[in-house]
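A.B. asks: Handing you a structure now.
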Amino acid sequence: MRIFAAILGLAAISVAHNDHDHDQEPISGPHEGLWYNTLPGDGGTQADSVFSGISTFGRIQYHPCLSSHDVKYDIAFIGAPFDTGTSYRPGARFGPSGIRQGSRRLNLYGGYNVPLKANPFNSWAKVIDCGDIPVTSYDNAFALQQIEEGHNLLLSRAPFTDAKKPGPSKKGKTLPRLITLGGDHTITLPLLRSINREYGPVSVIHFDSHLDTWKPKVFGGSPSQQASINHGTYFYHASQEGLLANDSNIHAGIRTTLSGPSDYENDGYCGFQIVEAREIDKIGTDGIIKKIKERVGTKKPVYLSIDIDTLDPAFAPATGTPETGGWSTRELRTILRGLEGINLIAADIVEVAPAYDTNAELTTMAAADALYEVMTLMVKKGPLSALGEEEELLELKA
């Protein structure tokens, strides 16, 4: 009873005190300087530690672009969490979230890319993360339609920079660039369909250990129309649909086994040249870069697709169909940087399956670092309006 009486007494005092001081100003909270720090040097601001907060690619700003038609950007990251086109290990549906997790420390020291002498996080370009395209896991045909339409909705918008200037699209407009986080490699087919709607047939640079141009009857048996579209046949379909520019496409990093020499013949019919992974031992990274540039050129629009299994499983174990004898992360990044000058209009990275990664997140970090190089190349190239101006000059000279 004494304790209860004491509590009532304290409550009465508190009420009386509050009534007496009801006009008292509330004490202000902590200064914002405790939460937001301005970094010295060229960096900018750091919202919080890289190990906290919500994951976006490189901790860039997030906008739900598919639910808002007013968001503008020059480069946007978009996820396509689809993996029901795999032939071996599933799990790439978690690729987009895994890659974002692996990218958290990209901006830790300010984001400046020393070899390329540019900072993709602090440039003319507005770069954002648009989240993921909603993709069903129950119907492949519908899922591929979702990916194509979601990608095209974002691709066909006016960019943040130079929206009114001419560009290389079929309608002569300048468009933004999209970087897609896969997902298994099947997603590249709907992405190329989206690209085709805006640009027409494009040249493709394809980093992979596998050809992915197999005829459906060779790869998977093709028991149905939908089963014929998978992560080993999508380039065959892209070729049949006229999505690829003839004889200006190239694979890099190939080292898979084949059903026979006819696989290479079919690959040639699909418009590809092959750079084997083992060629790096003879011609080095410079030789690989030279072959790629000679094949696709520096004038045409180019689509870049990176399968993380280009890397040796020692560097990227978390992938659907690993193949030994691949390149190191350092070699791949060097080759990517060597693509400077090529007109990259869009890109993807695929086959990252985080469930097979180590606790050190080797694969997701490697994927994020590869895209960091790609993003830097896009920023250094400038808005796609520059390519439109080049085309106008060529037409005037002609």
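Each residue, glycine too, has its Cβ placed from N, Cα and C.
The signal peptide feature in TrEMBL is assigned to 1-16. Marked as Mn(2+) binding site by TrEMBL: HIS185, ASP208, HIS210, ASP212, ASP307, ASP309.
Explain the structural surroundings of these features, please.
C.D. replies: Of all Cβ atoms in the protein chains displayed, 25 besides its own lie within 10 Å of the Cβ of HIS210 (Mn(2+) binding site).
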A.B. asks: Relative to the Cβ position of HIS185 (Mn(2+) binding site), how many further Cβ atoms are located within 10 Å?
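C.D. replies: Neighbour count, Cβ to Cβ under the 10 Å cut-off: 32.
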A.B. asks: Residues other than HIS185, ASP208, HIS210, ASP212, ASP307, ASP309 within 8 Å, Cβ to Cβ centroid, of the Mn(2+) site?
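C.D. replies: Here the nearby residues are HIS206, SER209, HIS231, THR310, THR321, VAL350, GLU351.
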